Amino acid sequence: MNDTFLRACRGQKTEYTPVWLMRQAGRYLPEYQKVREKVDFLTLCKTPSLAAEVTIQPVDILKTDVAILFSDILIPVEAMGMKLEFSESKGPILYDPIRNDISVSRLRSIKPEEDVPFVMETIKILVGKLQVPLIGFSGAPFTLATYMIEGGSSKNFIATKRMMYQTPQLYAQLMEKITAVVIAYLQAQIDAGAHAVQIFDSWAGVLSPLDFERYALPYVKQLIASLRGDVPVIYFAFNAGSMLGLVKQSGAQVVGLDWRITLVDALGALGSDVAVQGNLDPCILFGTKELIKERVAGILKGASGAKGHIFNLGHGILPETPVENAIALVDAVHELSSR
Ligand code: CP3
């Protein structure tokens, strides 16, 4: 197996910088669209043969150094008892959002092998087929809580913050339930063969540093400390470049970065005992191939002092992205980082 990615996570020497793209399996690929024509998104997530097929697509087409399980962060939330739907226009919808103690107490804990068996089946298929490592993933407790409390995506997160500030004990109860589910869910993915796991904290950046430290970080710390097995953990707190000192306290071996901070500044805040992942603005892929190469070179240079570096975008690849530019990006990383 090509273990360049795993070595970079551990801060060991690599022949070149490994690269993958968040949301690398998705709508920008005609091959993905073709599978999606036949099934809706949730069915795709729950059908191991198809989920494995679309997981492999970007590895074959872009030549990335890692695969990421095809699924969604809201899959375990549905298993906790909330009704989930994906609408083409509005994104995810969770019915009967969690707003009071009755709805918190109704949430189920999960047994991943029984409640979401398709996830572990997909991982087992992939581990048998892939020549590169497989990343399993979950939403971070705070990000999952925002979807559960708001009932979907949100602009100002008023319901979430109202619960935090007005009924902190209820908020804590909810977070403890979610954290227990995420621990079981990620551990089951590791036990099924995932070589690394990433925790997506997509909405961490809507919190002040004080609130992040009080209402999100303790649960991420507990989660990371609870995972067993020799697998790197990547913590990606989006839009949190102003609080990397706190992000580092999560205990993750790898910290994901978005494009709002230079790698040099990020390394200044993080120090040299964690590896970093990132951090090209996904919109650079709408520029020319020359521009892509120039920006890749800049990021590689900025990462030269890092314990380890995994090249990635600073957030998910966008559906409108030209495939040839995604290919050019992966090629540029491999070529320019070759040692
Ligand atoms: O990276 C990969 O290739 C693995 C697959 C993956 C998906 N979602 C597939 C998906 C991963 C890692 C996720 C994580 C996810 N899901 C996050 C965290 C990352 C981030 O973007 O911040 C979040 C917040 C979600 C919740 C979610 N799922 C939203 C808000 C949406 C709608 C927006 C959109 O992009 O359509 C989804 C749907 C979704 N998840 C799609 C895919 C491929 C599109 C569904 C389709 O095919 O129509």
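Here the Cβ of each residue, glycine as well, is placed from N, Cα and C on the backbone.
Annotated domain 'Uroporphyrinogen decarboxylase (URO-D)' per TrEMBL: 18-27, 135-151, in sequence order. Taken from TrEMBL, the feature substrate binding site applies to R23, Q24, A25, G26, R27, D72, Y147, S202, H315. Sequence annotations record features per position, and here TrEMBL assigns site 'Transition state stabilizer' to D72.
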Tertiary contacts of the domain 'Uroporphyrinogen decarboxylase (URO-D)' (135-151), as residues 6+ beyond its ends and Cβ separation under 8 Å: 20, 66-69, 71, 73-74, 76-77, 82, 92-99, 123, 157, 159-160, 163, 171, 174-175, 178-179, 182, 185-186, 189-190, 192, 194-204, 206-207, 215-216, 219-220, 223, 234-235, 237
Should we count any of the recorded positions A25, D72, Y147 as near ligand 1, judged by a CB under 6 A from one of its atoms, and which? A25, D72
R23 (substrate binding site) CB neighbourhood, other CB atoms within 10 A: 17
Grab the substrate binding residues from the record (R23, Q24, A25, G26, R27, D72, Y147, S202, H315) and give me their largest CA-CA distance in Å. 23
Relative to the Cβ of H315 (substrate binding site), which residues of the same chain, six or more apart in sequence, are found under 8 Å away? M22, F238, D258, W259, P282
If you measure between the CA atoms of R23 (substrate binding site) and D72 (site 'Transition state stabilizer') and round to the nearest Å, you get 10
Could you check what DSSP calls D72 (site 'Transition state stabilizer') once collapsed to helix, strand or coil? coil
Radius 10 Å, atoms counted are CB only; among the recorded positions R27, D72, Y147, which position scores highest? Y147
